[in-house]
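Heads up, the thing below is written out as structure tokens.
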Amino acid sequence: MKFFGILLIVTMVVLVMIATTYVESISIGIKCSPSIDLCEGQCRIRKYFTGYCSGDTCHCSG
């Protein structure tokens, strides 16, 4: 049973690594304050799936 648990964990880690390889994330140089709405809107204009804040800088991914 212990072997299958380790195998499951390794498989999950590999899948996460593969998934994050295909998700492009870039900083677009926009400040997130006063709200994240501007960040999300600018990311969608640039054809990215979503926008998120890291610190006070907007990043786009997808």
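Yeah, the Cβs are placed from backbone N, Cα and C, and that goes for glycine too.
Keep in mind that this is a model prediction, so the values were computed, not measured.
The feature signal peptide is assigned by Swiss-Prot to 1-25, with similarity to another entry given as support.
Marked as disulfide bond by Swiss-Prot on the basis of a large-scale study or a structure entry: C32-C53 (among others). All protein chains included, C32 (disulfide bond) registers 19 other Cβ atoms within 10 Å of its own Cβ.
The disulfide bond annotation in Swiss-Prot covers C39-C58 (among others). Under the three-state DSSP scheme, C58 (disulfide bond) falls in the strand class.
The disulfide bond annotation in Swiss-Prot covers C43-C60 (among others) and is backed by a large-scale study or a structure entry. Cβ contacts within 10 Å of C60 (disulfide bond), excluding its own Cβ and spanning all protein chains shown: 23.
Listed in sequence order, the disulfide-bonded residues from C32, C53, C58 having a Cα within 10 Å of the Cα of C43 (disulfide bond) are C58.
Under a cutoff of 8 A between CB atoms, and with a sequence separation of 6+ in the same chain, the neighbours of C53 (disulfide bond) are C32, I36, C39, H59.
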